[in-house]
Amino acid sequence: MSFSYKNFSKFLLGGLSVGCVGGYFAYKNQNKPIGLNTEVYSPFTISQITKVTPDASIFTLTPQGSLENMKNMDPISKVTIRNPDMQVQRPYTPLYINEDNFKFYIRNYEDGPVSSHIHSKKEGDTVELRGPFKTTKLDHTKFSRIVGVVAGTGIAPIYQLAQNSKVPVDIVYCERPGQEPALKEQLEKECPNVRVRTIQDRLIAADDILKWDGVDVPLSETLCIICGNPKFVATVAGPKAEFGAKQGPVKGLLEDSSFGKVWKL
Ligand SMILES: Cc1cc2nc3c(=O)[nH]c(=O)nc-3n(C[C@H](O)[C@H](O)[C@H](O)COP(=O)(O)OP(=O)(O)OC[C@H]3O[C@@H](n4cnc5c(N)ncnc54)[C@H](O)[C@@H]3O)c2cc1C
């Protein structure tokens, strides 16, 4: 078979087209952000901001790159968000995992470099995320009931866990007087296994955590998770050890409780 000039031109043209199309996609992919990953920060668009309290909002963040690492996450997972101007990062807990976007409940601290950075943004703006990371090595699946003792945005990790747990979850939710216990009704509506007890106008007591009606799971099979600022955690279960992820001994209100495990987040 002779290979004419005409055939050769067709061959060359075909090759060039394939090369161009391949090159275009390679170029396009090269410029597309890689999506959520643990190594580098990746851009997310703020697709919605919903004000929940005067100083806290729910931010819906949509990845500008691949959705791949948004799936198959285990509770409790977190990501870090950074303020690129100051090179400061902080952990945040998505309320829902394994979705196409993240919803975060974030409180604004005026002197806080990362929370104020996020709150300075408007819908359509970009923030940078890295993750996902496991928040704790605790295996919650070993327990037949979970009690969450939370303050303020400490509701976020328990919210995520409750969404992904089939066992009963009883939550003691402490908020400042006059401050709306955000997400309470939403959580109870979405999760029939969840009950929320709110404490706003007084200090939390041991009975608030221990005494619930209609419980048939012994405390020895119950996991108690505490999440809030360090002072709150110390009041309920004693301070966490200062270095590393060490729990420190159980003190405070739960010192004499017989929970199967007490875990400070
Ligand atoms: C595992 C994990 C998950 C978290 N998830 C969330 C989340 O989903 N939503 C959320 O809003 N926050 C969450 N946080 C807290 C968050 O990481 C930051 O600490 C918080 O947003 C403040 O960061 P910042 O850089 O703005 O201020 P910082 O520089 O950290 O602090 C600024 C000021 O605010 C005070 N402050 C900071 N945090 C608290 C607090 N919790 N209570 C009282 N005073 C405080 C500090 O004492 C300081 O005066 C989480 C923390 C951890 C460890």
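The backbone N, Cα and C atoms fix where each Cβ goes, glycine too.
Annotations in TrEMBL come from automatic prediction, not curation.
Look at TrEMBL and you will find 39-139 tagged as domain 'FAD-binding FR-type'. As annotated by TrEMBL, FAD binding site applies to Arg90, Pro91, Tyr92, Val114, Ser115.
Among the residues the record lists as binding FAD, namely Arg90, Pro91, Tyr92, Val114, Ser115, the two farthest apart have Cα atoms separated by 10 Å.
Listed in chain order, the residues near the FAD site other than Arg90, Pro91, Tyr92, Val114, Ser115 are Thr80, Ile81, Gln89, Ile106, Ile118, each with its Cβ within 8 Å of the site Cβ centroid.
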